[in-house]
Amino acid sequence: MKKIAVLTSGGDAPGMNAALRAVTRMALHHGLEVMGVQRGYAGLINGELFKMDRKSVSEIINRGGTILRTARCLEFKQEEVREKAAQILKAYGVEALVVIGGDGSFMGAKLLSKLGVKTVGLPGTIDNDLSYTDYTIGFDTALNTVVDAINKLRDTSTSHERVSIVEVMGRNCGDLALYAGIAGGAEAIIVPEMPFDKDELIKTILEGRTNGKTHSIIVVAEGVGGSAELAKEIESVTGIETRATILGHIQRGGSPTADDIVLASRMGAKAVEVLLEGKTSKVIGIKENRIFDMDIDEALDIERSFDESLYEMANAINK
């Protein structure tokens with residue numbers, strides 16, 4: 001193998017640049033050429049490839065976003081489009097592709113590998129919704145962003161003696177809400193994986209007031225949604241001023257944390273090692289602080305689990 005390519009796909013995540021840096025420099029270290037693909041699969045089918053060197057990834061390790069830019073590409077589901085992508089890679093002499101993204105990006109890599117392109121996927125998503133790995137690149141940074149927002153909302157909630165609802169990203173995965181709720185000391189955490197009782201929530205808020213609490217923080221995962229409506233209902237029933245804040249895309253931005261940089265660097269280096277071993281259709285993950293590779297098929301088939309014991313602990317200590 002003489003030449004590889006790398007792209008970022010789907011929603012951006014802090015740490016993607018650190019992963020790009022690791023992939024590029026590890027490949028160059030082993031004498032491989034590296035091509036960067038701009039705008040994910042959409043850029044690939046448009047032939048947006050350029051040669052990368054050490055300077056291309058200089059001083060990006062702590063930058064948020066992705067220097068390659070990213071995009072969603074629904075047409076990549078079409079076989080003729082994927083065949084075009086494979087032909088473009090072949091025309092550039094690219095023998096393997098490293099894909100940094102989420103489950104949709106991995107599916108694209110899996111289908112591309114069936115056309116003879118060696119592929120390896122790195123989990124880059126703030127949602128932490130890939131069950132085969134303990135953590136995804138970007139999750140820790142997003143978590144810290146959310147906790148910072150919760151702490152600031154707590155300041156103003158305390159001043160106004162109100163209830164603050166914070167809606168966070170995560171799609172149908174409640175990990176970001178759960179971890180942020182624990183770290184932010186939220187009185188209630190609402191996630192898609194666990195049943196939610198509005199009456200019990202209102203009871204918790206009122207009991208808090210009886211016990212001397214002057215404010216409450218509620219963290220809601222976007223997979224549940226309805227924060228604005230919930231705020232109106234709480235205020236209507238309790239008479240306590242309640243405000244909802246949807247954090248939105250601020251959760252995807254910012255410089256990656258040290259943990260995300262280290263994780264991205266380890267995973268990026270591992271991706272190149274896996275390709276040099278002749279493997280294909282693999283994804284990189286971390287379990288118990290060990291970096292490993294796994295078949296894409298196997299990884300995508302693992303049913304996502306939710307840490308109910310951690311959720312119960314949060315309920316016990318945060319009320």
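Cβ coordinates are placed from backbone N, Cα and C, and glycine is handled just like the others.
Under the three-state DSSP scheme, Gly102 (ATP binding site) falls in the coil class. Residues or ranges marked as ATP binding site in Swiss-Prot (evidence: sequence analysis): Gly11, Arg72, Cys73, Gly102, Asp103, Gly104, Ser105.
Marked as ADP binding site by Swiss-Prot on the basis of sequence analysis: Arg21, Ala22, Val23, Thr24, Arg25, Arg154, Gly185, Ala186, Glu187, Lys213, Thr214, His215. Annotation for Arg25 (ADP binding site): same-chain Cβ neighbours under 8 Å, separated by at least 6 residues, are Arg54, Val57.
Per Swiss-Prot, the feature Mg(2+) binding site maps to Asp103.
The substrate binding site annotation in Swiss-Prot covers Thr125, Ile126, Asp127, Arg162, Met169, Gly170, Arg171, Glu222, Arg243, His249, Ile250, Gln251, Arg252. Taken residue by residue with DSSP, Arg243 (substrate binding site) is part of a strand.
Following the DSSP three-state reduction, the secondary structure of Asp127 (substrate binding site) is coil. Cβ neighbours within 10 Å of Asp127 (substrate binding site), excluding its own Cβ and spanning all shown chains: 26. Per Swiss-Prot, the feature active site, proton acceptor maps to Asp127.
The distance from the Cα of Arg171 (substrate binding site) to the Cα of Glu187 (ADP binding site) comes to 22 Å. A gap of 32 Å separates the Cα atoms of Asp127 (substrate binding site) and Thr214 (ADP binding site).
Within the set Gly11, Arg72, Cys73, Gly102, Asp103, Gly104, Ser105 that the record links to ATP, no two Cα atoms are more than 13 Å apart, and one pair reaches that distance. When the alpha carbons of Arg72 (ATP binding site) and Val23 (ADP binding site) are compared, the span between them is 22 angstrom.
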